[in-house]
């Protein structure tokens, strides 16, 4: 039996070992298909990262699909039931690293556009593709750099679907219409090292910090809103001491992260954390990493089109959620357009035996094509 177009392309993409930041020829596959449809292609290589921007048309609105060809490492190969880069179908599921995150989505995007253009060669507006090989890694030379380049020349995306695996039980049951912001603080509290038997000759930075850290951890940063839960403060890493039980440490290192709603911004968080630390009279250094602002698409033509497109396939509307981690949608949202995420079921992403239901690839392709019809068909 011959594979369907979306399954064949998904297999071809999965077979390429594109572990971040490698692309391994995945983008060339997509570019070849898009060139045949009349897309203008711009390859953008930044450091070790391969990206491309493709566009068909010069009119507004500019609708784009966004995604990544890179995947996380496979891990221990002996834990996989099948080789991770040899796409295999078992009981109706396509297995392989990247099947759900997110080579299945990429295949669905390309095939959906092929079908749409075949029916609507003179469609309204413009269609774009923003594809990177640096989403699973440090995300410094990928989508963010392409967005910066586009914005510098005034080429802003009006509407964008990011193909991240948004679904939970069945494909399309959840559409992410926003994401929380993320900011990380690396705090070093300085004390004076000494012998534990002579605490009066030392200054223990762990003891000095505990009240301040407790206050930060128990602060109500906000109450959230209709779209976002309250901001979360979490401490993932702490370290101090030499490993010896008789030495008071000279430094105490605390790393913390806040996932924040649209009720806050980076500047407000920095100010409130600094005020808390200063109130406790600590001697400290604090380095911030700004991972991304929150974004929200609560209304608009894109959201209406995606909800309708999903309902036409599933006979039920998707839930609109902002849960989960960050995505490249946060960079695209800087352009001021509407951004949502729609992709496969996320139950196996980043795990051994990652897989996607073959039928879900067909449904996702239909959802993407229906969205294009709602937005750009004449």
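Each residue, glycine too, has its Cβ placed from N, Cα and C.
Features as listed in Swiss-Prot:
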ACT_SITE  70  active site
ACT_SITE  135  active site, proton acceptor
BINDING   68, 101, 164  Zn(2+) 1 binding site
BINDING   101, 136, 350  Zn(2+) 2 binding site
*Of all the recorded positions given, 70, 101, 136, 164, which has the fewest Cβ neighbours within 10 Å once its own Cβ is left out?*
136
*Could you round the CA separation between the residue listed as 'active site, proton acceptor' and residue 101 (Zn(2+) 1 binding site) to a whole angstrom and send it over?*
11
*Determine the minimum-neighbour residue: among 68, 350, listed as binding-site residues, which Cβ has the fewest other Cβ atoms within 10 angstroms?*
350
*Would you mind sorting out which of 68, 70, 101, 164 (the recorded positions) have a C-alpha within 10 A of the one on residue 350 (Zn(2+) 2 binding site)?*
101
*Among all the protein chains here, how many other CB atoms are within 10 A of the CB of the residue listed as 'active site, proton acceptor'?*
26
*Residue pair the residue listed as 'active site', residue 136 (Zn(2+) 2 binding site) - Cα distance, angstrom, rounded*: 7
*asked:* Taking 8 Å from the centroid of the Cβ atoms of 101, 136, 350 as the cut-off, which other residues in that chain fall inside it around the Zn(2+) 2 site?
replied: 71, 72, 98, 102, 349
*Please report how many Å separate the Cα atom of residue 68 (Zn(2+) 1 binding site) from that of residue 136 (Zn(2+) 2 binding site), as a whole number.*
8
*What are the other residues, in sequence order, whose C-beta lies within 8 angstroms of the center of the C-beta atoms of 68, 101, 164 at the Zn(2+) 1 site?*
67, 102, 105, 135, 136, 162, 163, 165, 327, 343, 349
